[in-house]
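Okay, so here's the structure we're looking at.
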Amino acid sequence: MSRKKWSSLDKPPLSDAVLQVVQSFGFQQMTPVQTAAIPLLLARKDVSAEAVTGSGKTLAFLVPMLEILQRRHKETPWGPKEIGALVISPTRELARQISEVLAQFLEHEDLEHLNQQLIVGGNSIEEDIATLRRETPCILVCTPGRLEDLFQRKGDDLNLAAQVKSLEFLVLDEADRLLDLGFKTSVNNILGYLPRQRRTGLFSATQTTEVTDLIRAGLRNPVLVSVKEKASVNTPARLQNFYRIVEPELKFVALLEFLSSPATVIGKVMVFFPTCACVEYWAEALPPLLPKRTVLGIHGKMKNKRANVVEKFRNTPQAVLLCTDVLARGLDVPEIEWVVQWDPPSTASSFVHRVGRTARQGNEGNALVFLLPSEDAYVHFLKINQKVELTKLLTEEAEDADREKKKLPAVLDQLHRLQAADKGVYDKGMRAFVSHVRAYTKHECSAILRLKDLDLGKMATAYGLLQLPRMPELKNYQGGGYVAPAFEVDLSKLTYKNAQKEQVRQKKMETYEQTGSWPGQKQHKKRVESWDQTKKAKLDAKSKKELRKAKKQRKKAAEAEASRSGKGKKRQQFSQEDLDELASDIRLFKRLKKNKISEEDFDKAMGIEGNND
């Protein structure tokens, strides 16, 4: 699709205010998704747009939204209790980012009457309610959970359902992510409060069955728009995707070397890990080994700190952000030169979203995924599944591997000493490794990413663990890949640097020394049985086994006899004598269980030969 200039829109043309703000961003031409979606939305069509991440979807809905709200304001000014537009986003980071872009439009003097409010989890809901009661904003930018909560609130002198009766425009941003995060019910509930006479824009990086269902429920006769910068790829055109094969025990050293290299120091780097626990650990362990760069960590379980971390990442040159998939969608931070993935993500589509944090808005960018030797088939899998070509990172592999092997002992010593100096770091390391192993078992492409192919001892070495954790996956581990600390360490004497945690640990230690039981630890009580009960249980088990054996012998003998008499192909018929014998066997077994006959008498009656040792 050919690109058009923003000023070329003429059916209808953009207002001077909106056009001036867009041009102040430095954008002269529209991206393909903007070229396709904006005229349709301005023509009051419902639109479902699929476009690769980083393709300019935010302006594709903000621009027509502002134009539609202005038109209505000229006809009938917006009232003090009217909400004209809703923008629903899957995460608070993305919602906040949209709000920041929108704020730049609303600073224009001709758009000041279109005020907005950001409503996301993590903020005080009482403050949100107070603001909505005091001055209803024309535009709400929100996450679905908080918005649903406000719709359902009663008794707070707030009637949000009444305030959206004049709604003109609804945006469902990153719709596939909304559904992936389990917001399907919330979104459907929200749709039930909204008027049907509205325009809806649904934007998504992928079209799934769930998204199709949402389109049917929330859009009226929508126009479907599918825009890709290249028909043969699923990622931004100026993104270079690389991979590197590394041995499991060398993975952290390889990451450390990469983050220290001149190629990555010039810009920001995002490093994706599989779990929150992994981010927690490496955010503690990496900074001492990478002192020249600012290292930040963010994950989904962080509630109130996430906004501050993202803001610090934006404002810090050459920063390194360790994160989970909570930031795989929508985050638009300038100067991200590299996106690095510790290992393949749980789904192939997540790979596309992760690498889309760089090479945004037509800029260049790079992405690198570390693969183990057993994971090399992932390169072909990604090409078939997501149309993503991975190129091997051009390095002197033999020299790199040799250099990393030489650095491994020193790096491990630093990790070991970090954990030995603070039990908090030790705990985080253990949790990170266990969570990583568990996450690995849940890969979408488990046919090629198999847990049984991994040397878990070598993986534990990469984490610098002081010992291997107790977990089912390591129960029968026989490998010698794990490298223990070079110095002696008494794990029972590790202390927390956090004074409060250390105080709790010391109290538990005192209780343990007095009682022999660690406080809070689940006790597994063994059932106590008398000697007679134990003997009887063993006797019952043995008797049942012998009875099954005797019946099996009789059956074989009967089959052999039937075969000799030429009746083997007929269904076996039981005579009255056979039935009587079976009933006698059952009576004998019952008498044995009640101790009315001895085991020896039972064996003789059953014709079972004893074992002579």
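Heads up, the Cβ atoms here are built off N, Cα and C, so glycines get one too.
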Which range of 7-35, 65-93, 297-325, 384-412 is motif 'Q motif', per Swiss-Prot: 7-35
Range annotated as motif 'DEAD box' - as stated in Swiss-Prot, picked from 113-116, 173-176, 469-472, 501-504: 173-176
Lowest local Cβ density among Ser55, Thr58, which the record lists as binding-site residues, within 10 Å: Thr58
Helix, strand and coil totals (DSSP H, G, I; E, B; other) for the compositional bias 'Basic residues' (545-555): 11 helix, 0 strand, 0 coil
Remote residues contacting the motif 'Q motif' (7-35) - C-beta distance under 8 A, at least 6 residues beyond either end: 1, 42-43, 49, 51, 55-57, 59-60, 63, 66-67, 70, 104-105, 108-111, 225, 227-229, 361-362
Overall pLDDT of the coiled coil (540-596), taken as the mean: 70
Thr58 (ATP binding site) in three-state DSSP notation: helix
Cβ packing number for Gly56 (ATP binding site), 10 Å threshold: 20
Nonlocal neighbours by CB distance (under 8 Å) for Lys57 (ATP binding site), same chain, sequence gap 6 or more: Val33, Ala49, Ala51, Asp173, Phe203
Number of other Cβ atoms within 10 Å of the Cβ of Val52 (ATP binding site) across all protein chains: 24
